[in-house]
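Comments concern the structure below.
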């Protein structure tokens, strides 16, 4: 939103106000969702108590201790994962100019999972527990980036370049390949399976503050980078030739956007495992409800992504209570129908 | 001057009311493939943690009473059903892929790509988890019901078989269903989940005679349908207009030619779990080996499919012994490079 | 020897083979044709012409059962075609659609022999009659020499001859063709039309074809049917009956009619936009 005001090509005033209001509304929704999310658990805590726990912490109050000591970590991780996935989805859709662009569809999740499993199996991630934690987002990002660049290279072949169908078919094939290798590694190495089983289901559990911090740093850098190149991404939406004509360096923009997407995806995978479809739904929701302008789309996709992920996580923990579903399952149940909707809208 | 069919390498085979036109080259190539499948099967039977030398194997097959109890057990109760079911499900997947590719006129169509497998998986899992006491014979029935429902759903959403949307809708539906599978796996009792997991990864070591006979019945039904409609589908490849002009009943043909592969894929998934890429690879490899009409394509795809699954199972069983890698994993590691090759060849059309 | 290749069996010109009565047809709910009636004479070459969107292809599709009529009936020798079993009809009426699909790598012989599908059964898949019909069709169309080659390797004209050979091998009395000369060089257009003309003249076939070149239609067909806006605006039989007024009405252009220097038949030359009569 601040981006919209500082740009020389500012939007017409009234529409800008409407969008500002929509953005603020999204943020307000997110705050409310946070309060609900903190309240949910084996014992429901009312939002009033939640707010008091955050702003006037009373160590003697058991509810306050549960919220700050146990649930806050899950909330913060959920915020980070959702925001990172939403933003990475927005970047991928803008760069590949493909409405179906998304870390899960495009194989980034599978690549990240394979890289982490491989690193764990080979013991590459350093001897100490902290070393492993700190390295995991980067390892995941490298895996995601490598697999994704393979997919992009393979699907750029041919006369028409990067068509949506080719990207998706390559994404499905490479994801299957990476997933098979991951399964094979896990079958051959029981220790890794024991270490990573929970994480591979795509779930917000088994978190630590150290892990959160290790993921937050690269994610923050990537987010700043992504926000900085949004004007170029806007130009890219008009087509490659027009963008070059407007003085955009195509190669550098693409590289920066894909690098940021891979880092964001790696950070989220390192925390929550492969969670799909948040990156698909969030940018589309923003585009339909608020704006197609990349300068708004990228930051608001992060907000929407966080909102969706927290909602899915809350649903996953309450729908079949006392059993908990993995968060990734819930996002897929919500996201796959959206994928179908988009397919039937864009491919006639 | 020879007749044009003769000049084109065809020979007519007539017997009573039956008169067929076939290429001796193709017949010989199929025989060679069949020999290859049998050779690989014999090798696979003989190898494993308990080796049976090939001469011993021949003797045991000819005169079973000469073997030790242990040899007979390994041969008849463990390895033979497993290897037969590997070949059978491979053949079913190959046939299904060939039929699907011709009816959708889409070289990338594969019953596995459009969610049939996941649909069958959901139903079979429901049977395993909700009725743990049910016999394995119910699995194919449940799986086929699930597979058919999903295929119908995909067709209803996509509305058109030959377009991009068909494949994409299939991918989306299979994602949705795999998340339902995951719900089952994460909420059910842990012992049932283990049974389910063994089945899901496309492992063949649960194979036994009862399962084999159930699978064989469905394989036979599907094969009869496909071979009986092979010539009509040759005509259908010329386009809807030309096919109607030749007197093909397109609607009935499409129903039969979609139902048969869906049933066979679902039957194979229900028996041995999810084996990806076979239905995609087998017909393309078959076409690479020999050109010809649907009958040739179906026969050779079935043989190539059997060969592929048998090879994948044998590699998975022997390469990392004593650990066993499920055939499904070996298959997708082999399948993806092949898929890319296909994609590369049609890079200008997609 | 097929009865069809015997010139003495060419039917007299007043027999009606294929007829449409009060036909309405279209796509979805939109009727392209409304109330069209047309009689096609046996053993003649009938050409359908008209501007784009005039409904000529729709008429051909409805007359060949590719399209179910919304109203009206199409009869072949007095029987309603939409009620006949499709395989039985396929032994009487052949169709060549405008853009048939070419399976990759299909050889010319395989393509032509697919024309025999309506004559074959599950058990008797190849008879002497099949062999003879395929050979005759390939000889007639001059495709015998490249019988082994894949269809996609051939030139446009050769390819179209292969498809016509398939339709001939079907051995139907009547053949309907949708723009058989579209996208072909002039030389191949003439080649194909010579072939169709020969089929009516020497082999007693009834041919209905959608054509886009007015002068070629007029010089080859026995009857030219003019369509515009889903209705028949005029029928020229013989085609020498065409008038510039009819052409102006149907195509919306001014034409000059001059006699062909050799045959004396009419030739139409469009006037340039600025010229006045």
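Keep in mind that glycine also has a Cβ here, set from the backbone N, Cα and C atoms.
Worth saying up front: this structure is predicted, and the values here are computed from it rather than measured.
Which of A:43-63, A:106-126 counts as transmembrane segment depends on TrEMBL, and there it is A:106-126. Annotation: stretch A:164-188 has the most Cβ pairs under 8 Å to the transmembrane segment (A:106-126), among A:72-94, A:164-188, A:209-229, A:255-282, A:328-347. Stretch with the most C-beta contacts under 8 angstroms to the transmembrane segment (A:72-94), considering only A:20-38, A:164-188, A:209-229, A:255-282, A:294-316: A:255-282. Only pairs six or more apart in sequence are counted, and the transmembrane segment (A:209-229) with the transmembrane segment (A:164-188) gives fewer than three Cβ pairs under 8 Å, not enough to call it a contact. Annotation: stretch A:20-38 has the most Cβ pairs under 8 Å to the transmembrane segment (A:294-316), among A:20-38, A:164-188, A:255-282, A:328-347. Residues 1, 4, 45, 47, 50-51, 53-54, 67, 71-72, 74-75, 78-79, 289-290, 296, 300, 303-304, 306-307, 310-311, 313-314 of the same chain sit 6 or more residues outside the transmembrane segment (A:20-38) yet have a Cβ under 8 Å from a Cβ within it. Sequence-remote contacts of a segment are chain residues at least 6 beyond its ends whose Cβ falls under 8 Å from one of its Cβ atoms, and for the transmembrane segment (A:164-188) they are 96, 98-101, 104-107, 109-111, 113-114, 117-118, 121, 147, 150-152, 154-155, 157-158, 196, 200, 346-347.
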